[in-house]
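Below is the structure I would like to discuss, written out as structure tokens.
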């Protein structure tokens, strides 16, 4: 029955073209997608020839070989027959592998078999490699199977470090250098802060190949973002800017609160409730999700409780050679949160142990750790090594058990930014830092990798020929390297990965193509009419000559009245001879005439003497009975002379 239905379906389907029906979407293979993000090797120059000779080999070839190995092998026939012998010899040092349907143990790999006996048939076990025969004496007889071949030096380094630098993507969006970086512990969200006063949030799971951020924040207007730090549970993050107040945000970028600012007029910093100057660094406690640490330019470190934004828990004042206020440029927790390290502006490194009854007196004090400001301090997870980075173009490795002198000093590492940091690899066998761009140098921004055990340079990876590398990080779960770079005009976060070594993260968003627009996305733009848009109310097009003529006309240009100047009249300033409009109109019409300013005062009074004598109104009736005749005082010559 099923066979009959299949025949009927095939007969009906043959009547329609092949393009009829729903077609499956063609998917771009992952190999082709990752080929577009492969890093291009920079041209070799005389300046970095020495560095390339001692640097770790690039993993681009190994990743390409790994991708080639994932391709299906071409089949010669539909039913391949398995080979009944050992597979052909394979060269040592290649990272690719080929799937064989072989039966029996694999043949040992040959280092270099001569081509003289190609025509002969090999009978018996293969001859030993020539390299192994030279090491043994001729008289000894080899008993047992062949010893495995020794791997090459490059393969040992490949297996030891496995630095994922074959592919690269850039998370852009900032208009200035990116000075802060934070990746949550799961590796799904990335925070980047910049000198353009903004913080951008990226989500690898919800981001497509356009690599756009899903949210942009501006913590404090006009203040650079200097540090970002996730909480241990990754549900909140700390934002430190150039202002005196740190802010706490939730995972989606909503503000939870900001810490209080101290009183700048109080001299003793222990009596203030918060920082009084701009912050320099801040870091969340590695284990306690309610505690954070901040440092400031006011010369203090403070421990805060995120549940209480109105005051700090502890104030730490560093030890100074002379009294004053020296800024604390950086701070850090150790892996367990039991020690605090602070980099002071005078170049000293101070470490405090959190124990009962501890105070501001440091347990470890290195007076001259660096000659200039310290930009970063980093503890190792085992608590034995401390790394320090400074403006003096150096990176120092310190043994916490003996802090008198540095174990190793790496110099010639240009540093022009106060946020240049250091990061460890997931196994902490390698640590890395970035360098700043200098006009005299031709290398640009570079990531430098160092071996912790041997204390030597392992690799130098160029990030940008014109940008400076500020912050860097190596995520343990993603196995991807993050490096922030930029200059005064633009900035971005470079993500280095290897398709064969890395997981999720950049691999997810690169393979996610942007969604195509459909008919459902079409929106009709509404047409809005307002009265001034109609032709009846629309202004005539302005012309230059007409505009100049209108400006000269005081009535059309609504020229304001000039202030009153000139001689006054009647004790008032102005030529209108009065302040009221009615007075002005009556005077101009001749109905009001004022002549008292031109008359003699004596004559003006005496002209009313006759009228006052005949009809007294005010003073004379009061004295009519008691003093009918006025009596005037006689002038005394003596009084007049006096």
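Heads up, the Cβ atoms here are built off N, Cα and C, so glycines get one too.
Values in this document were obtained by computation on a predicted structure and should not be read as measured data.
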For the feature region 'Disordered' as recorded in TrEMBL, pick the matching range from 499-533, 534-568.
534-568
Can you check which of 597-619, 620-642 TrEMBL lists as region 'Disordered'?
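Residues 620-642 are the ones TrEMBL records as region 'Disordered'.
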Would you kindly list the residues that approach the repeat 'WD' (367-408) from elsewhere in its chain, counting only those six or more residues past its ends and only Cβ-Cβ distances under 8 Å?
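Residues 321, 329-336, 339, 341-345, 347-349, 351, 414-424, 428, 431, 433, 450, 452, 455 contact the repeat 'WD' (367-408) from elsewhere in the chain.
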